[in-house]
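Take a look at the structure set out below.
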Amino acid sequence: MGRISKKTSNTSLHAGDNGGSSSPSKLRHRKGNDDGRQQIAAAAAGHGIVPQEENTKRWRNWRQRTTFTFVMIGGFFTVIALGPLSIMLMVLCLQVLIYREVISMSSVAKKERDLPWSRAMNAYFLVCLEYYLYGHNMHRALERRPWLEAHLRPVFAHHTFISFSLYLIGFVWFVGTLRKGYYRFQMGQFAWTHMALGLVVVQSQYMIENIFEGIFWFFLPIALVIVNDIFAYIFGFFFGRHQLIELSPKKTWEGYIGGGLMTMVFGFAFTALLSDWHFMVCPPPSLNMTIFSNVQCDVNPVFVPKEYAVPGAVSALLSTLLRRHIATVTIRPVQFHSLAISAFASLIAPFGGFFASGVKRAFNIKDFGNSIPGHGGVTDRFDCQFIMAAFSHTYYVSFIKVSSVTIGAVFSSFLALNADKQVELFQSIQEYLQNTGSISDAVKSAVVV
């Protein structure tokens, strides 16, 4: 008793695995059916045949993704119409949401319970950086309101020192909370926080910089990335066969190339439509400007149409196709610049998304969040926008921006002078205006210094 033969034991195990006793012939038959099903599935995959359930899920995701894409585009246009202030608030909200998603990836609940100040410090460093960046922007905005800037001048004059002092408080706070047994974790969190601040907050701040040059320079780069993403998804969905990069298995060469070509066409044509709209191309006269404001300015020369001679071979080809002679074409210079920006949006900006995919693979997650149905988290939708904003601002400053001196900037410099220098400058300006005939002697005599 108590002894079970090896043969009996094996038989019992087989019976338990299959819900009862099975003869060797039945096992072989079942194994043959499984092999057959695997071969059929492999053959179907090889011929591009998708199982019905997977195909249904695919189209359901397409509809959901498409619906919320249009919802986001509608919201984006609404924010644009409300003007610079609403755009700045939108960017601020995006910075906070994306920073929160990125920071949460490295959190470890058990350790954070033992380190109660870790989340508070993450928020504190974000507030410090936002104060530094938005403080500069508010100074630029208030240059157009000299009376208000005069009252806040001490704050703006020492803005950098105040910002750095706030950061030092956070640094000392962090060092003071270091605990034995958690050094490696806390140092890793500190480094991750600063990486998130640099890649998310600092890069996205270039969007704000672009607003002050004209909403056009904020809107166009974002629109190009959105258009490229949409057409890359469409071309990849219907024609995708060849994988583009291992980091993102669903990205295909067909989507990458098709999306790029459509983005170039869109950028060239859409730029011409926006160039006559002063609301878009003029630097905002105030943060309260909206789409209904009557905005006037001396537009940047790149928005002014110019005639270009058509090369002889191209002219002959067009004459043959259109049956009329074409020697010149009228194009706005900004349309050529838009081709360069479109090329970056198509060729380089997607690698911001691939970098985000690499981060997700490193943390073994599918999406950064689930706040946007069909798209994932906020970071999943704006991962390409950060590097795009940085490039577009750099490109604008390097090749397009026209140097100009504003009244606000001059008055700000005037306030930095002492009283004697201010009087001396006033008298010099008065004398110059009289000598050039801009003011009369009667006006001069009426002014008392």
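Cβ coordinates come from backbone N, Cα and C, glycine included.
According to TrEMBL, the region 'Disordered' annotation covers 1-35.
Residues annotated as transmembrane segment in TrEMBL: 67-97 (among others). Note on the transmembrane segment (67-97): residues 126, 130, 134, 137, 200-201, 204-205, 207-208, 211-212, 215, 218-219, 222, 226, 230, 284, 286-291, 293, 371-375, 378, 381-382 of its chain, located 6 or more positions outside it, place their CB under 8 angstroms from a CB of the stretch.
The transmembrane segment annotation in TrEMBL covers 155-176 (among others). Counting only same-chain residues 6+ beyond the ends of the transmembrane segment (155-176), those with a CB under 8 A from a CB of the stretch are 117, 121, 124-125, 128, 131-132, 135-136, 139, 142, 149, 186, 190.
Per TrEMBL, transmembrane segment is recorded for 182-202 (among others). When Cβ-Cβ distances below 8 Å are used as the criterion, the transmembrane segment (182-202) is approached by residues 95, 98-99, 102-103, 106, 108, 111, 114-115, 118, 121-122, 125-126, 129-130, 133, 174, 386 of the same chain, each at least six residues removed from its ends.
Residues 65, 69, 73, 76, 80, 83-84, 87, 207, 251-252, 254-260, 262-263, 266-267, 270-271, 274, 279-284, 300, 338, 341-342, 345-346, 349-350, 384-385, 388-389, 391-393, 396 of the same chain lie 6 or more positions beyond the ends of the transmembrane segment (214-235) yet place their CB under 8 Å from a CB of it. Annotation comment: TrEMBL describes 214-235 (among others) as transmembrane segment.
Annotation comment: TrEMBL describes 255-274 (among others) as transmembrane segment.
According to TrEMBL, the transmembrane segment annotation covers 339-359 (among others).
Annotation source TrEMBL lists transmembrane segment at 395-417 (among others).
Sequence-distant contacts of the transmembrane segment (255-274) (same chain, six or more residues past either end, CB-CB distance under 8 Å): 216, 219-220, 223-224, 227-237, 239-240, 244, 280-281, 332, 334-335, 338-339, 341-343, 345-347, 350.
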